[in-house]
Each structure stands twice: as structure tokens, then as C-alpha cells.
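Undergrad: Got a structure for you, written out below as C-alpha cells; questions coming shortly.
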Amino acid sequence: MIKLVLLRHGESQWNLDNRFTGWHDIDLTDKGRREASNAGKLLCEAGFEFDVAYVSVLKRAIRTLWNVLDEMNLMWIPVIRNWRLNERHYGALQGLNKAETAQKYGDEQVLVWRRSYDTPPPPLERTDERWPGSDRRYAALDADEVPLTECLKDTVARFLPFWHETIAPEISKGRNVLIVAHGNSLRALVKYLDGISEEDIVGLNIPTGIPLVYELDDNLKPLKSYYLGDQEELKKAVDAVAGQGKA
């Protein structure tokens, strides 16, 4: 049986501050580092081994992966970093407090910006210092590839080619794969794997630092999926994510 593990990074400082993070390169909190280490312990206890790991180019995901691999004594395996696994870009909302934004625009509008499939937040200008076009890690990209804002549909459009061209072929070869990414880039992949509708994806929340395991058939179609760890803690973590955008 093929198993794929997805992991959202541990709590970041801007998760703690309840701010829209997007492509801003913020680090983990102490709690986030503990979450990452605990994820590694859970994976060890469940008997997982990995041959290759994929991660975004943002430090909160990279550091999470480091902690996981350290706990698993797998620091030596190949790691592929790619911008297509980045969090969705939150445009002009990036850096703003979610609750304060909800007070200004209303809970319903913020929920649409956070969780709808095809409604992006207001865009940045390219002159805005929050636009990542001058960041060296994106130097190989055309300016039009560096987003001014993104909805989940945009995130799906950039993530899935990397899945089909790079990750899925490795899984099909029998390699054990770990993907460490972000709430919305993982929502994009889960939407594809589970065939979730554009309407129902609004209700999907992925908690920080808890491994999500997919059991796949030979065609990489899901047979089942489940989170590792205590289910009460899982529910609390999911509910906390769901409540972040409320006034």
C-alpha cells in the first residue's frame, strides 16, 4: 500500500499574532518547533520512513521539516524545495490582523477571502515592499509568475503541475514521500486528491504540526486518510484554525 504524508508547518509567529502571513517569511514560535518535533515523534511511533521530502521555500515550513527529520534520524534524505508549495499570497491583506480585518470588513467577507475557492483578496501593487518580486529566491521566475494576490484556485493552478510532474512520479516509483507545506497549499492538494467541490472546500481547515496520512491505490487515488495523534487535540487545533478570521 502507498502512503503519503502531508504536514502543515508548526505554529509561526504570525499564526500566534493572528495575522495574514502568505509569502512573508516568518519563523516558527517555540510552540511551533515543539509541534514539528512532536510530528516527527508521531511518525516514528507509527513506523514511517521517508525516501524524499518536498517543502516550500519559506522558513516556517523548512524549519518544521528539519525538526521532523531530526526526530526521525532522517536528516540525510534528499529535500526538494520549490516555490509552488508556498502558502497562497494574501495580497493587500498580508500582515494584517485577521480579527481586526473582520471587524472592518465583516466576518463573512473575511471568510470569503480566507476560504472561498475563486475570490482573491485585494492585490498588492508591484511597488509595495510586500510584493516578493525582488526576493532572490524567486529570481528565476517571470514577474507575472510572482503573485500580487491569490485565491485558492490560483494556488491549485501552481501546485498541481508540480504534483503531476515531480511528486506523483516519485510516489509511483515506490518512494515514501513527505510534503511539508502550508494551510492553503495543502488545501489545494487535498481538494484535488479527495475531489472536494469548490463549495465544500470552504469548510476544510488544516491544523499546524499534525501529520495527515493518505493511503493511496496504485493510481494514486485515496483509499483513506487520517491524522496521527490524539483526536481531541486534533479537534481543538482544527477549531482554532476555523476561528482565526472572526471579529
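Backbone N, Cα and C define each Cβ position, glycine as well.
Heads up, here are the entries from Swiss-Prot:
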- H9: active site, tele-phosphohistidine intermediate (ACT_SITE)
- E87: active site, proton donor/acceptor (ACT_SITE)
- 8-15, 21-22, R60, 87-90, K98, 114-115, 183-184: substrate binding site (BINDING)
- H182: site 'Transition state stabilizer' (SITE)
Undergrad: Just counting, how many other CB atoms are there within 10 A of the CB of H182 (site 'Transition state stabilizer')?
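TA: Around the Cβ of H182 (site 'Transition state stabilizer'), 25 other Cβ atoms lie within 10 Å.
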Undergrad: Rounded to the nearest angstrom, how far is the Cα of the residue listed as 'active site, proton donor/acceptor' from the Cα of K98 (substrate binding site)?
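TA: Cα to Cα, K98 (substrate binding site) and the residue listed as 'active site, proton donor/acceptor' are separated by 16 Å.
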Undergrad: My understanding is the cutoff is Cβ-Cβ under 8 Å with a sequence separation of 6 or more in the same chain; which residues meet that for G183 (substrate binding site)?
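TA: G183 (substrate binding site) has long-range Cβ partners R8, E87, N205, I206, T208, V241.
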Undergrad: Return the residue, from the listed recorded positions H9, K98, with the maximum count of other C-beta atoms within 10 angstroms of its C-beta.
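TA: When each Cβ's neighbours within 10 Å are tallied, H9 leads.
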Undergrad: Using DSSP with the three-state reduction, classify R8 (substrate binding site) as helix, strand or coil.
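TA: Going by the DSSP assignment, R8 (substrate binding site) falls within a strand, counted as strand.
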Undergrad: So which recorded positions are near the residue listed as 'active site, tele-phosphohistidine intermediate', with CA atoms within 10 Å, out of G22, R88, H182?
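TA: The recorded positions passing the 10 Å Cα test are H182.
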Undergrad: Taking the Cβ of E11 (substrate binding site) as the centre, count every other Cβ atom within 10 Å, in any protein chain shown.
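TA: Taking every protein chain into account, the count is 24.
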Undergrad: Please report the Cα separation of E11 (substrate binding site) and H182 (site 'Transition state stabilizer') in Å, rounded to an integer.
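TA: On Cα coordinates alone, these residues lie 11 Å apart.
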Undergrad: In DSSP terms, helix, strand or coil for W14 (substrate binding site)?
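TA: Looking at the DSSP assignment, W14 (substrate binding site) belongs to a helix.
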